[in-house]
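Chemist: What follows is a single structure, and I will ask about it in a moment.
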Amino acid sequence: MNYPDIESPPAIFLMGPTASGKSAMALEIARRFPVEIIGVDSAQVYRFMDIGSAKPDKLILSEIPHHLIDLIDPDENYSAARFREDALSVMREITARGRVPLLVGGTMLYFKVLRQGLAALPPADDSVRRALEQQALDKGWPAMHAVLSQLDPVTAGRIQPNDSQRIQRALEVCYLTGKPMSEMLEQQQNADFPFRVFNIALLPGDRSVLHDRISQRFATMLEAGLIDEVRLIREQFHVNGDMPSMRCVGYRQVCMYLDNEISFARMQETGVFATRQLAKRQLTWLRSMSGLQIFDCLENRLARQIIDLIQAQRLFS
């Protein structure tokens, strides 16, 4: 197979909420078709964050290499803009090898930015940020979230009341432009994206079963050594709960436990709750998207159904 001269070579997007079985399904596809997996996960880009991000283990990676994981250390930052640049570069390389990129993950913003590009948001303004930080010191971030709810209810609905970085950025955009950030994101122009995408979404037919999976998943992570993983990362890289890496679901809650802010039982409870909230947001993103081939991630014959559908698309001829 040779795709380099095709104007719009194929790519497969495999999306779904956390604990929906995306990674296992990607392996099934990779064992059946000439694809290469690209991770679309804002936690898996960090080295050493293996357990809490459900990163594929070394045995799987030796069998089926994955792109865009283990890119940076936990004390570094990784943006959606950089993801788009990295992903497009890897996708072109995969296509040049006569294979099809298979993008797998649950970071819906990355999928959106990859297809549509980034909105022309204003750069950070130090004076505005300092003013917002001072207001937050006086009132607290939940109060700042309430202010955002008045100025930009759409964006506020997507942000947790204690997510200081995202609240600050959304308010900053409002103050600098006089417009809600959600409005500016809706107005962004489609960027160049030279691939023909086949979209697959894994959605739960019964959300309570997904919730049970999430509970078991977090318990398994703790049993596998998540607390020690976070402790070692903090010692080696001197990161705290405010760093982007440690704001990832699961890591944030363990940081709070290690800082003696919450008990072990409370850490378990909030870790599961935060993961369920993440799944809820992911499902909201997916239900707003069009052109999806939707499958019940709880279906017993899921792998066979998806493989048959991919085969019928003639992506590899």
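Heads up, the Cβ atoms here are built off N, Cα and C, so glycines get one too.
Per Swiss-Prot, the feature ATP binding site maps to Gly16, Pro17, Thr18, Ala19, Ser20, Gly21, Lys22, Ser23. The annotation substrate binding site is assigned in Swiss-Prot to Thr18, Ala19, Ser20, Gly21, Lys22, Ser23. According to Swiss-Prot, the region 'Interaction with substrate tRNA' annotation covers 41-44, 165-169, 247-252, on the basis of sequence analysis. The site 'Interaction with substrate tRNA' feature in Swiss-Prot is assigned to Thr107, Arg129; the stated evidence is sequence analysis.
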Chemist: What residues elsewhere in the chain lie close to the region 'Interaction with substrate tRNA' (41-44), defined as a C-beta under 8 angstroms and at least 6 residues from its ends?
Modeler: 52-55, 68-70, 78, 83, 105-107, 109-110, 245, 248-249, 251
Chemist: Between 0 and 100, where does the mean pLDDT of the region 'Interaction with substrate tRNA' (41-44) sit?
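Modeler: Taking every residue in the region 'Interaction with substrate tRNA' (41-44) and averaging pLDDT yields 98.
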Chemist: Taking the recorded positions one at a time (Lys22, Arg129), which has its Cβ surrounded by the most other Cβ atoms within 10 Å?
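Modeler: Buried the deepest by this measure is Lys22.
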Chemist: When you average the Cβ positions of Gly16, Pro17, Thr18, Ala19, Ser20, Gly21, Lys22, Ser23 for the ATP site, which other residues in that chain have a Cβ within 8 Å of that mean position?
Modeler: Gly106, Leu202, Cys297
Chemist: Counting only residues 6+ away in sequence within the same chain, which have a CB under 8 Å from the CB of Pro17 (ATP binding site)?
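Modeler: In sequence order, the residues whose Cβ lies under 8 Å from that of Pro17 (ATP binding site) (at least 6 apart) are Gly106, Leu202, Leu203, Pro204, Leu210, Leu278, Ala279, Lys280, Gln282, Leu283, Leu286.
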Chemist: Counting only other Cβ atoms and using a 10 Å cut-off, which of the binding-site residues Gly16, Gly21 scores lowest?
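Modeler: Comparing Cβ neighbour counts within 10 Å for the binding-site residues Gly16, Gly21 gives Gly21.
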Chemist: Taking the Cα of Thr107 (site 'Interaction with substrate tRNA') as the centre, which of the binding-site residues listed as Gly16, Ala19, Ser20, Gly21 lie within 10 Å of it?
Modeler: Gly16
Chemist: Pick the one among the binding-site residues Thr18, Ser20 whose Cβ has the fewest other Cβ atoms within 10 Å in this structure.
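Modeler: Comparing Cβ neighbours within 10 Å for the binding-site residues Thr18, Ser20, Thr18 has the fewest.
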Chemist: Distance between Ser23 (ATP binding site) and Arg129 (site 'Interaction with substrate tRNA') at the Cα atoms, whole Å?
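Modeler: It is 38 Å, counting Cα to Cα.
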Chemist: Counting across all protein chains present, how many other Cβ atoms fall within 10 Å of the Cβ of Ser23 (ATP binding site)?
Modeler: 21
Chemist: Near Thr107 (site 'Interaction with substrate tRNA'), how many other Cβ atoms are within 10 Å of its Cβ?
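Modeler: Cβ-Cβ neighbours of Thr107 (site 'Interaction with substrate tRNA') within 10 Å number 20.
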